[in-house]
Amino acid sequence: MMIRGRRDLKRTWSLLSEPLYKGDNTIKLMHSPSEMGWNVGDRIGISPTDNQAVGWGQDVYITDINKGVITINTPIKSEHRADFEVGNLQYVAGASPALISAEVINLSRNIIITGDDFEEIACDPSLPEAVDGEQTSVKGCRCASFRTTCTVGLHTMHKFGGGDDGITRIENVRVEKCGQRGVEGKYCMHFHKMDDCPNCVFKGNAIENSQQRGIIIHSTHNTLVEDNVLYNVRGANIYLEDGNEMWNTLKYNVAICPFPFRDTTYHGCTVSGTSNRVADTADNQSGFFSRAGSNNFIGNRASNHFNGMFLQEGGRGRGDESYDKVCESASRLGRFDGNTWHSNGRFGTYTLGFNYPKVTDQSIANNGYNTNMEQCKPFDSYGNTQGSSSAFVNHVDYGNGFVGHYSGGDLQHYGHQSIDNDSLIYWKETKTFANGCGSHLINGYYKKGTMALPDQATFIIDNVVIGDDTRMEANHHCNVGTTGVLCMPTYILHKVKWENNYSKGNRGPLMYFQKQSFQETHNNNQNHGGIFTLSPDDASIILDGGTVEGSVFPRGFISLVSDKFPYLLGLPNNLCIDTSTQENGILYDNGIMCKTELRALKVYSRGLSSYTAPRLKVEIWYDSSGKFDGSPAASQLIGFHQIGPDGSSKKQGYSVPVIIGKKHSYRISLTSGDLPNDWVIEFSDPVIGNRWIKDELYLDVAGRNCNGLITSSHDRKYIWGGDIVGGYLDDKAWFNHGACVGSGQQPPDESSIDCSIIVDTNNNDDNNNNSRKNLADQGVVEATSCPKKCLGECNSNSYCDCGLEMCECKAGYTGSNCGIDLCSDANCGEHGSCSARYLGGGMPVTNKACVCENTWLGERCDKNRDKLNRKVLRKRLGIKAPTRSSTPSLISIPSPTNRPKNDSNCGFSSCTDTILGSYADGYSCGSRIEWLQTAAGYNEFDSCRKVSEEFPDICTCTCDEESDYVMFNNGKGITKDECLNAALEVGRVMPNLFRSVLKVGDLEFYTMWLLHLE
């Protein structure tokens, strides 16, 4: 079956190039409306961009198109964003930008599949149930505990077929008034059990006003769903149904919910009474929903839903045909590349359940079923963890509640830009990568929110930029219910750049630890664990007396733990300090900061109860090189910890941060005596030795012979595989595995992996090794492809699709042999990033083709804003440019004639020596200002301003509202009128940058903007 509209829309959607405000009646897009094929009379929909599903979309008609500007019939009712950021370009060559901009979709087509208005029909209790427990029927409206009527519109479906038996191609068509709420299998567009169908296509369609989902792929493989737009579709907009679907490609689709989630009339895009309350109702309604991970999601966008993208693995397949035949949690992750999920009420990127992809025999030839279920297990027959390292590449999440996973491992976020989400990353449990080298977060940008980090693994944050108003939370969700294990993960910060001004708002720590117990039956919890530490490479720079660019720690410091490990404070030479005694200790949650690397030492116990469990005694002999002579330098008793039912939980034991290296010696024992021989001990992580140099520790265990030195490469078989069933401390682990085993027969260390040569292409054929081009990319996991399945080698602009077994163009490339680069016309300079990469189609971007770094402007991002602004200000104020011999300054401005004669501090006359000497909460204003400059990297102006904001009645070291002057960093001043006129001049030459501010004439904005040109 083939249905194709004649109207040639080169693009079905674009993004705003400039923001929309209430009352506007013109729209500017990133693509030319005329070249896209849009016409006067077309109906278009605009997505909400308010945070967390509180916004309204709007549909309007085009009344005129003139020089790329669209005029609409109805004024805009609310604001729609058009912001563009590329926060990590300075450190990641070719970094993709975050297009924080409203989608505008074209809903008009010349072929319309429509019907009568929806009809409400009564249920029939005699109808057979389609899938046990779901209480729906394919025969009609079946009565259920939650359904007495069904809402019925039209539906379309292609059943069975596939291959040579029949295909469906529906393109450029509008489908409306569709879906039958409560009737199984009746949707707007539906591939139904078509097996392998590489010629099945839904492309360029508009789906609107549905009562039960939009596009459904059901037990079908290798289809293409591209460039479709969905608006006012209730339930999951695009839905993969049974968990066995493989290698379908969903790319450049846009799903918009135009209603606020909590609106009492519309309730967002939720709908009750369907077969899947998780995907459709207020439980977890989603723009994109899938039970199957092995599918490709490229360049899609979802706005204003409850969830943007929801991958719900964890089951064993759905329905009579698929149940118990699919290892959903073990499914290899498909190619997830360049998707944007925004303004959703709960999650943007979201995986629920236990997502631990593995190399299995699941295949299209077997209808997406698994045969060898042993491959789905967390451990192989030798006790090694099984996994297939996978990546979410260049995702953008903004304006959501959360972003991330529950329990998931072998999952990397590469190039992730997470901005203005409550939780920029939300992760409960994870594991070290199966390839032995992968970083969990790499080459990303995180701004405005909390990074809620998981338990259990050595979690590597690699070459990531931390933007404003961002904080890291250790042990997120550890100790809540049954989540977490011993609550002592290690967070390795490798080349992490903190550009965070969060502390300036006096709103709490940059990093913090757990302090509250959530267990109901006992209170034996040590969830205050977690170690933040620089990577071995960065730590070595500090230990050699150098500095690490953008380090979160003050000069000379390397690690941070909570205040619950005071034994570290008893070590000589002030190796560790109590930050609660330091100014701004709150930035570090008043924890303990050390000038050395720390790692986790874990002891897994079993059979203990909170009422009778002994404590673990930890002793350290400082600078003893393996000897235990005399008294220890420090010691501490560590409390028993467990998660889950008291006395029967497998998640129990002890954990403590320890200093690595051969210089010091540790001894552990119980207050009741020796450690039982079955308990398992774990130290550090093999990835440390694979990526850098393996950790070493002199350890003596009461009742065991450890032979002195243990390393991070020690045996770890059967300890942690991540999965809920059998993934934690298999029975074979007790007595025989870990470090310093109780049986006395220590297994050999794990084989080391050279991360400088391994390349995990996630091709899932094997863990093939190839020479790595860039040693700086040792932690990278590439987007999924299967290069061995394509005849010949795909060129650099393409990848081998795992299902089609053909070379497909990478995002941003098109044409014969993928020879057309959509970014070539943009020709962005080195300070700009191409915006076209993940917008699909074959058209270049005409507005905002390049997204510039913060201080750069111009179509190619080749004009330095600082230089331009200085030139404009000098011209406006009649000031000559400084000569080469002049001392450079921010802005060279002469003092006003009526400036006070006496010198001033901080550039403000109000900031007298008396003020600087005044004490505020135990410290003088002057000492607080000086500390911010020396320890926290503030400039003079910002340090004065911060202290003044914290103690406005004592430290008045900034200009007030009645001052006649605006002071600059060089201590010079101009009047407010002069400042405003100068700023207005800058606004005139850069109207887009100042559009919102010009409307309200915000003097403070101009002033602060001018003050932060450096």
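Start at 1 and count along the chain as shown; that gives each residue its number.
Backbone N, Cα and C define each Cβ position, glycine as well.
Here is what TrEMBL says about this protein:
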- 883-896: compositional bias 'Low complexity' (COMPBIAS)
- C852-C861: disulfide bond (DISULFID)
- 819-862: domain 'EGF-like' (DOMAIN)
- 883-902: region 'Disordered' (REGION)
Those residues of the chain, 6+ apart, with a Cβ under 8 Å from that of C852 (disulfide bond): V86, H831, G832, S833, G858, C861
PLDDT averaged over every residue in the domain 'EGF-like' (819-862): 93
The domain 'EGF-like' (819-862) - residue tally per DSSP class, helix then strand then coil: 0 helix, 10 strand, 34 coil
CB contacts for C861 (disulfide bond) [other CB atoms within 10 A, all chains]: 23
